[in-house]
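The structure appears below as structure tokens.
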Amino acid sequence: MAVIKMTDLDLAGKRVFIRSDLNVPVKDGKVTSDARIRASLPTIEDSLKQGARVMVTSHLGRPTEGEYNAEFSLQPVVDYLENKLSAPVRLAKDYLDGVDVAEGELVVLENVRFNKGEKKDDEALAKKYAALCDVFVMDAFGTAHRAQASTHGVGKFAAVACAGPLLFNELEALGKALDNPARPMVAIVGGSKVSTKLTVLDSLSKIADQLIVGGGIANTFVAAQGHNVGKSLYEADLISEAKRLLESSDIPVPTDVRVATEFSETATATLKSTSEIQDSEQILDLGDVSVARLAEILKNAKTILWNGPVGVFEFANFRKGTEVVARAIADSEAFSIAGGGDTLAAIDLFGIADQISYISTGGGAFLEFVEGKKLPAVVMLEERAKQ
């Protein structure tokens, strides 16, 4: 991957515009999971140490584009950064016509999605971003799959466009897992979005020795085996696709599950065979036999790619499956990569971050990279490196 690396540049006195992924969950004005900010911090700190005039921005949530909405403000991120850096951090709301930043100062530019044209990669907006800086640093792997004004367009017009350490390390780690993995390689694909992940399963079936499915995806495979899945989250129109994958790949479909009659934190979990599910029930977690089987598979793996929980781990009664899988990955000697927002939340919950070889900040970008798709931001950086 031929790109200009931020670590190869002298940033002293330069106006540096860093596009980070600071899209974190916020509740009552406080950041509730800081994994993405923590991952972005080394890039920010390195720029500050060099005496750069540092501007950092990100999107947060899904506000109506072009309209300010306090609910989606980056203020909670600013508060977090001030605390972590033990230094004042400014939040700039109106910055498109210029912002003054001192050497060694950090200014956070308000949510890029408050700017009209951000999502459409509007050229005029991209040029305004580019005019703010001497060096554009793309460090948001989590949004590298989106061609937007702050992730793609700005890089075309900035004097210098480079890859930040986080982005570069993400691409290297994923390359290591996908290009020449130590075997056996096990890929776990869970979560609720089935249709978006079936193409990923297809791609992974060609490189992984063993596929594992969980969550809503697993429910579709249970249905494909002819079982009633009741009110479970699944996609009926993808059953034939699931059958095709079952014929071509070794996928351990759950044989027992935890079900409930309502989707709530207080719902009672009932352990059942997949052949016994009633119309009124929904699958919210894997059963003990199914989970033990997965733990055994993971124990023998040499490379593990993990995207998505295997149950509704947010509810204590339906957490066991994801916890057993998470701890099996943590205890494994395999090179492990985990990615996706829900996966990061599970890693935080079980306190196993130090036992995962590499934690990717990307969700959609992680999946598109796994599928072998070209990420627009990376293509842009490669193009700029040739100029």
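Cβ atoms here come from the backbone N, Cα and C positions, even for glycine.
Here's what Swiss-Prot has on this protein:
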{"type": "BINDING", "residues": "D21, L22, N23, R36, H59, L60, G61, R62, R113, R146", "note": "substrate binding site"}
{"type": "BINDING", "residues": "K197, E314, G340, G341, D342, T343", "note": "ATP binding site"}
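Positions of the features from Swiss-Prot, shown on the structure.
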residue: D21; record: substrate binding site; contacts (Cβ under 8 Å, 6+ apart): R36, A39, S40, S58, D139, A140, F141, G142, T143, T361, G362
residue: N23; record: substrate binding site; contacts (Cβ under 8 Å, 6+ apart): R36, S58, H59, L60, G61, G142, T143
residue: R113; record: substrate binding site; contacts (Cβ under 8 Å, 6+ apart): H59, L60, G61, R62, P63, E65, F72, K119
residue: K197; record: ATP binding site; contacts (Cβ under 8 Å, 6+ apart): V189, G191, I217, N307, G308, L367
residue: E314; record: ATP binding site; contacts (Cβ under 8 Å, 6+ apart): E265, A345
residue: G340; record: ATP binding site; contacts (Cβ under 8 Å, 6+ apart): G191, N307, G308, S360, G362, G363, F366, L367
residue: G341; record: ATP binding site; contacts (Cβ under 8 Å, 6+ apart): G363
residue: T343; record: ATP binding site; contacts (Cβ under 8 Å, 6+ apart): G191, W306, N307, G308, P309
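Within the same chain, residues at least six positions away from D342 (ATP binding site) with a Cβ under 8 Å of its Cβ are G191, G308, P309, F313. Around H59 (substrate binding site), a 10 Å sphere centred on its CB holds 27 further CB atoms from the protein chains shown. The maximum pairwise C-alpha distance among D21, L22, N23, R36, H59, L60, G61, R62, R113, R146, the residues recorded as binding substrate, is 18 Å.
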